[in-house]
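Trainee: Pasting a structure below so you can have a look.
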Amino acid sequence: MLMITSFANPRVAQAFVDYMATQGVILTIQQHNQSDVWLADESQAERVRAELARFLENPADPRYLAASWQAGHTGSGLHYRRYPFFAALRERAGPVTWVVMIACVVVFIAMQILGDQEVMLWLAWPFDPTLKFEFWRYFTHALMHFSLMHILFNLLWWWYLGGAVEKRLGSGKLIVITLISALLSGYVQQKFSGPWFGGLSGVVYALMGYVWLRGERDPQSGIYLQRGLIIFALIWIIAGWFDLFGMSMANGAHIAGLAVGLAMAFVDSLNARKRK
């Protein structure tokens with residue numbers, strides 16, 4: 001048995017299962033915190049993932065509804081709650097995901113009250129040799145954000161990717177990815193621009209790389225990122241490198257973070273294969 005993906009909404013999961021049944025592929029749903037979709041015939045995994053990518057692009061396509069009618073599951077027979085916004089956040093995010101989100105919000109509020117420079121004096125990458133033993137600085141630069149759009153964009157991705165890693169692989173794995181990527185992406189960025197930078201984007205890019213490659217090489221890990229999203233990440237890096245949008249971007253942190261995530265995913269998936 002191979003787990004293909006998970007859906008928060010069991011009706012959506014049932015729609016995909018019904019459609020694959022019309023294609024001659026039998027999937028099953030197991031209800032845990034979410035609706036986990038499992039495949040018995042692992043030889044069909046690549047085909048199922050390709051169909052899943054198309055399904056996720058437009059789950060409301062009439063062909064999927066038609067498949068549910070054909071299978072007789074338009075009512076799904078499943079009972080599920082309608083989650084309000086904060087309940088949906090809580091459903092996907094583990095404790096580490098929440099702690100980092102709250103820390104970023106608290107730091108952002110402090111920056112609005114005290115000013116960016118005052119907070120950066122305490123949290124920025126060491127900007128003076130006398131500060132090199134203030135070890136928190138090698139990580140806390142990731143908590144600082146300089147605009148509402150900056151923090152919303154990063155926290156949305158952090159919640160989506162970090163939450164998935166924590167739920168599937170544990171809090172320890174998320175902590176390791178976060179600390180290593182914050183340290184190395186910060187080191188590279190300060191070589192590019194000096195110590196005055198901030199943001200969680202280096203960690204977010206590490207999570208993008210990790211989730212995508214781990215899902216490709218080790219589907220049984222239960223994490224997955226559409227190829228379209230990793231292509232978007234690469235386009236965003238290129239746009240930032242050539243300053244196509246006229247915005248200040250931490251290009252060094254983005255590239256380093258992505259490289260860290262890919263490297264960690266390669267090692268972890270290699271170890272997972274050896275254990276089989």
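Note that Cβ sites are derived from N, Cα and C of the backbone, with glycine treated the same way.
The annotation active site, nucleophile is assigned in Swiss-Prot to SER201. Look at Swiss-Prot and you will find HIS254 tagged as active site, backed by sequence analysis. Under the heading transmembrane segment, Swiss-Prot lists 94-114, 142-162, 169-189, 192-212, 229-249, 250-270, citing sequence analysis as support.
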Trainee: Around the C-beta of the residue listed as 'active site', how many further C-beta atoms are within 10 angstroms, looking at every protein chain?
Mentor: 26
Trainee: Using Cβ-Cβ distances, find the residues under 8 Å from SER201 (active site, nucleophile) that belong to the same chain and are at least 6 apart in sequence, listing them in sequence order.
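Mentor: For SER201 (active site, nucleophile), the qualifying residues are ASN154, MET249, ALA250, ALA253, HIS254, GLY257.
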